Structures are given as structure tokens and as C-alpha cells.
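Q: Encoded as C-alpha cells, here's the structure I'll be asking about.
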Amino acid sequence: MKSIEWLGNILRILDQTKLPRETAYRDAKSYEEVAEAIEKMEVRGAPAIGAAVAYGYVLGALEYNGPRQGLTDFMETVQGRLAQTRPTAVNLFWALRRMEDRLRDCWEIEDLDGVRKALIEEADRIAEDDRRMNRLIGELGNEVVPEKGNILTHCNAGALATVEYGTALSVIRTAYSSGKSIHVYADETRPLLQGARLTALELMNDKIPVTLIADNMAGSLMQQGKVDLVIVGADRIAANGDTANKIGTYSLAVLAQAHEVPFYVAAPTSTIDLKVATGQEIPIEERPAKEMKECFGVPMAPEDVNVYNPAFDVTPAKYITGIITEKGIVTAPYSVNLLKLMVRS
Ligand SMILES: CSC[C@H]1O[C@H](OP(=O)(O)O)[C@H](O)[C@@H]1O
């Protein structure tokens, strides 16, 4: 299953809100449609959002029908719309910056189609970079996976959260295909159930042994000694290693430390944001109350009850055993080692 597919002038988006019961697609023909798909979480997951935004930017350039000199101003409108969709995943802004830089480098190209071609090539590079980084994350991350054991993961950091392979699930896939005897506990991940709906689906499709659990069961499994490793994804990693990820990740990290279970974050370097010193600076998205009060249309709470619905939380670096990236596995002191990693070619 591919989260997105570029069809030359259309971005085909697998509508993840309908999985696993229905495989449906949105064929986005405009940057506004891509923005809506991101806001509605039809496409979600930090790296997948980054690639979707890159192609949304291309669709904006294809929509523009004015004189060449007006393109830059128009693309600022496109950039603004895409940038306001979701605030936490830094990959969104990393991809937008790459597209803006590419547009700026096209200043000598007078032909609009020439500029569009250059932007499409940049978006394709962003997508290919993600595929490459995720493969490497799997290969390098395999080092931390035991020959035999139970791995717990949270939310969906799989192929559906990226362009291909996944991040945390890339490590799991690589370990399994290397012959390791692993089994996965997948947190269902309330309220939108990315674990139940997406991670369980991906792992079953790959015939990787998986058991679905409610989020509140993780502690008990660790207390029984049934979890050997926790691997999660990330939406933004601060310069000191503090990591924003799906709500519930922080609780898992504290539980893992209390039970001496290794806790790893798997993420491409496009998720590392050295411009934020600590996790306190990471903007945390608040999602609509409806997502808490309903489960896909079925009321789960009184209609007018107050709701707190942050989409992410921040895990302090002290709870993180290591961060698995395509350039290597980083451990504490993160402020030093993340900087070294990012300057490494
Ligand atoms: C490969 S990182 C995926 C990351 O994104 C998810 O958030 P959302 O489903 O809201 O986009 C979750 O935090 C995952 O770990």
C-alpha cells in the first residue's frame, strides 16, 4: 500500500481515514485538495506529509496561469496554505523549504514549464530520499532488535506514514526478513486508532506476527516482562533529543524506563529540527473534539462534554535509549551527537 503516488499532474492519495474497511483514493488536482487531505488526515505521518506537501506545491505551480514574473508571489500563497495544515511534523516545513529553495534557484528559467519541470524533479527527489532513508533506518535499526523477542510500537510509523517501508516498521520489517523471531504488540492508539487500523493491517499483510492491544495495556505487558523493546516513530526531534510523537508515546517511554525496556525512536534526519533547542518549543496540534467524542461516526461520549485532544506529546530525551536514523543510531548526549550527525554528509 502506498500512501501517495504522483501521476504526472495528479497526486493520488490513499484515504487512510477509510482503512482498513475500505481502500479508497483521492486524486488531488490542486494544492487546496492536498491541503484538505492533510488536514483531514487522509494522508498522515510526518514523512508522508512532507512528500505530499512537495507535490501539493507542484500542483500549485501547475495551476498558475499568469505571467512568469507573477509565479513567485502566487507560490507564496501556495506555501502559506500548505504550511497551515498541521503544525507539529517538521517534515512538512522541511519539504516546503526544499521546494521554495528549488523555485528560487529557477530564477534564470524564463519558461514556466521549465520551472514546473524543475519543481517536479525536486518533489520526486524528496520522495526518493524518503524511500532511501527508510531502507537505511531499517538496516541500521536491525542492530537493536534481539534475535527473539516482543516489540511494542505505537501509532503507525509504517509504509502508510511515509513514502515507502516506514520508519519504526522498517526496523521491524528488516529484522523479521533477516530471520529474527519477533512478534509485535501494536498499540491501538486512541482516538484515531492508527495502530489498530493501519499498523495491524501493514504487519498482517506482511505476515509479521502482531497482537493488537489497547493503549492502557502496555504497562501491564511490561510488568509481566513481555516487552523486550519499544520502537516508535517521530514527528519532530529537538536539538536536545526531546521527541514529539503521537499522544501516548511519553507514557510508553516512562513505563519502558521503569521496567528497563530499551526505548528507541526511528526517524529520518528530515524529522530532526535543530532550530528548536528543546521539546518545549515544539508546537503540539490540538485536533477537533469530535475525534474524541465519536469513533468514526458512533458517539462515544455525551455530545457537549469538554474534550482535551492533543495529537502529540513530547518525550524528554532522558527516556530515549537511542534515535535510529539513516545516518546512524544516535545516543546521549543528544545535543552534541545530533549536531554531529546533521553535519555529517
Ligand atoms: C513515520 S512517523 C509517523 C508519525 O506520525 C504519526 O502522527 P499522525 O498519524 O498524526 O500523522 C505518529 O506520530 C507517527 O509516529
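Note: Cβ is positioned from N, Cα and C throughout, glycine not excepted.
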Q: So TrEMBL lists Arg44, Gly45, Ala46, Arg86, Asn245, Lys246 for substrate; which of Gln194, Gln280 goes with them?
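A: Of the residues offered, the record points to Gln194.
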Q: Looking only at C-alpha atoms, tell me how far Ala46 (substrate binding site) is from Asp235 (active site, proton donor), rounded to the nearest Å.
A: 5
Q: What does DSSP say about Ala46 (substrate binding site): helix, strand or coil?
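A: The three-state answer is helix.
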Q: Checking the recorded positions Gly45, Arg86, Cys155: which ones have Cβ within under 6 Å of ligand 1?
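A: Checking each Cβ against ligand 1, the ones under 6 Å are Gly45, Cys155.
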Q: Say we define neighbours as other CB atoms within 10 Å of the CB. Which of the binding-site residues Gln194, Asn245 has the fewest?
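A: Lowest Cβ count within 10 Å among the binding-site residues (Gln194, Asn245) is Gln194.
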Q: Only counting partners 6 or more residues apart, tell me which same-chain residues put their Cβ under 8 Å from the Cβ of Arg44 (substrate binding site).
A: Gln16, Ile38, Leu160, Ala161, Gln194
